[in-house]
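Trainee: One structure is given below, represented as structure tokens, and several questions about it will come after.
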Amino acid sequence: MRRLDDRWKVQSECADGTGRRSVYLTFDDGPNPCFTPQILDVLAQNRVPATFFVIGAYAAEHPELIQRMIAEGHEVGNHTMSHPDLSKCGLGEVQREVFEANQAIMLACPQASIRYIRAPYGAWSEEVFTASEIAGLAALHWSIDPRDWSRPGTDAIVDAVLASVRPGAIVLLHDGCPPDESTRSTQASLRNQTVMALSNLIPALDACGYEIRSLPEHH
């Protein structure tokens, strides 16, 4: 199976055609009952939008967080039902992961409009593209990965984004962790660096003349 051989099928930047210095914040692997509310609080305090690529099983466990995301003007995307490496899955399994995640999101919040999918680990394949197209979802990757999941330090996360930012950039951050990793981390400190980094990153991007915006309509 191919992994990003067909890069033209995966959007990793967004040129919105307005000429603005737009940047897009995305969060993977939630919702997490500890850290997602903190991240939503920071976004609300700064009045900026984000897109949350949620794991369907977590959405089913915490529908109130999906509802809060939508109520506060954010977007929810599909990050599969259980976060497998889809490049190792057959088409049937990929379709189940995508469909069940969509279903879980809509059950959690019927007002959600799901436009995008992001493959776990960024592991794209022809099967993922096919399943996404059937589900009416556009494949969305990222252009900046500060590796916040590795807990490199708050300043390191912010500096990594600022060093690579450009108009149309899609920033990858994490508000939770996959099911197979959740038992290996201390919940109390799992994503605290991401929360603190976000509080510093938003004003830093603003100072550099960037505007954090919602993802534009895909074509």
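Cβ from N, Cα, C; glycine included.
According to Swiss-Prot, the record shows the following:
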ACT_SITE  His174  active site, proton donor
BINDING   His79, His83  divalent metal cation binding site
DOMAIN    21-213  domain 'NodB homology'
SITE      Asp148  site 'Raises pKa of active site His'
Trainee: Might you list, by sequence position, any residue in that chain lying six or more from His83 (divalent metal cation binding site) with a Cβ less than 8 Å away from its Cβ?
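Mentor: Sequence-distant Cβ neighbours: Asp29, Ile55, Pro120, Pro178, Pro179, Asp180.
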Trainee: Using DSSP reduced to three states, classify His174 (active site, proton donor) as helix, strand or coil.
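Mentor: Reduced to three states, the DSSP call for His174 (active site, proton donor) is strand.
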Trainee: Validating a neighbour-count step here. Other CB atoms within 10 A of the CB of His79 (divalent metal cation binding site): how many?
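Mentor: That number is 29.
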Trainee: Other than its own, how many Cβ atoms are within 10 Å of the Cβ belonging to His174 (active site, proton donor)?
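Mentor: Neighbour count, Cβ to Cβ under the 10 Å cut-off: 23.
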Trainee: Between His174 (active site, proton donor) and Asp148 (site 'Raises pKa of active site His'), what is the CA-CA distance rounded to a whole number of Å?
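Mentor: With distance taken Cα to Cα, Asp148 (site 'Raises pKa of active site His') is 7 Å from His174 (active site, proton donor).
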Trainee: List, in sequence order, the same-chain residues at least six positions removed whose CB sits under 8 Å from that of Asp148 (site 'Raises pKa of active site His')?
Mentor: Ile157, Leu173, His174, Arg191, Gln193, Thr194, Ala197
